Ligand code: ADP
Ligand code: MG
Ligand code: MG
């Protein structure tokens, strides 16, 4: 053993097989009831909106045109989208498992208002293992505060999110076909994936887990574009990976294209992935744009718009110039966002000035958008995660509302709000991220 350890072999096995608890807060954090209800009430409309955007090539093309000239990652995704578009769509079953995130902005006059931070359309997480957290928090509240425990709601979000995967599988209509979980090399959320997998096995839906590398070595399409891997047909590809540039090698890009061209249902397909970019979020906030998607439902449009924060273009032109000027004058009022996911990519304060000074004169600036900075309520809590000190901390919270939909051709066969999550971080951190080591799971204590 010592020999193997010195050879680094055992050491690497040990280091890659660590299991630790899900990071969480010791207590639930207060969340205003009206804000949470508002976020839950608008979710099915966001599901519809994301789906509509994904079906609108003109809108996607126009909205992302300058961004893809400045951002290589978005350009690569867009390249796959174009290829699939030109070949013609093969699959009329479309689905989304998405999460819309919010903070409660504490205005100067004291009124709280719900503000959307972003929508995640690929590998949206937060359900799975965390479904146990209400039980933990309710128990802690029960022993400390008696009846208060009733203010923590139960969650069956994994079962409900899984129902959409099951529906898509069922519509695909091949009893022996599997759902493929496309997973990361370093499988940080594996136990959550297993939670989802268990729900699927309960319905006799087989699951396989594969990496991009497995797909590039062993994946193939038959004459009807059915996707096969290791001899089994794939009904649904569920991406839990593939949302960041460093998730990809040249071969993985080919594997992604192979899957996108296939008859398998993709969760999400490439156009739904693109619908979740920060650039699309910014374009949606422009006057007149939401109207196009909900021409006959002004009340729906208003409900969606009521959650938007100020969002500003950085495309070349007078409007973008104004954005630059505004950001350079008062950087503390804004967040600068590139087209990235997973936390830790945004710029705050003086960093905004540095980045903008470097790119403000040319089209590279179109890789970013600018957003009003939200000032969330501050709470006190204890963050339990093995890399943080155990102490009472000033924290702020981000609500996440989960949504699931399945469309078959022109018909929405499932459109649900499937639960909510709460994630909490120290106010000392500007950006966030569960995997990045900043954020922990929490539960809203309804106030
Ligand atoms: P990602 O896709 O990387 O999660 P987000 O837009 O969610 O990108 O930003 C990451 C984090 O940065 C958020 O979880 C939040 O903590 C912080 N953040 C993002 N936008 C704002 C904002 N407008 N105001 C304040 N904080 C923000
Ligand atoms: Mg995101
Ligand atoms: Mg986020």
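For all residues, glycine too, the Cβ spot is worked out from N, Cα and C.
Noted in TrEMBL for the protein shown:
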type	residues	note
BINDING	99, 423	substrate binding site
BINDING	118, 120, 341	Mg(2+) binding site
BINDING	118, 278, 337-346, 371-374, 398, 425, 431	ATP binding site
DOMAIN	177-275	domain 'Glutathione synthase substrate-binding'
Helix, strand and coil counts within the domain 'Glutathione synthase substrate-binding' (177-275) (DSSP): 41 helix, 26 strand, 32 coil
Listed binding-site residues with Cβ under 6 Å from ligand 1, out of 99, 338, 344, 371, 423: 371
Sequence-ordered binding-site residues from 99, 118, 338, 344, 431 with Cβ under 6 Å of an atom of ligand 3: 118
Residues among the binding-site residues 118, 120, 341, 371, 374, 431 that border ligand 2 - Cβ under 6 angstroms, in sequence order: 118, 120, 341
Separation of alpha carbons, residue 118 (Mg(2+) binding site) and residue 431 (ATP binding site) (Å): 13
Winner by Cβ contact number (other Cβ atoms within 10 Å) across the binding-site residues 338, 344: 338
Rounded to the nearest Å - Cα separation of residue 120 (Mg(2+) binding site) and residue 99 (substrate binding site): 5
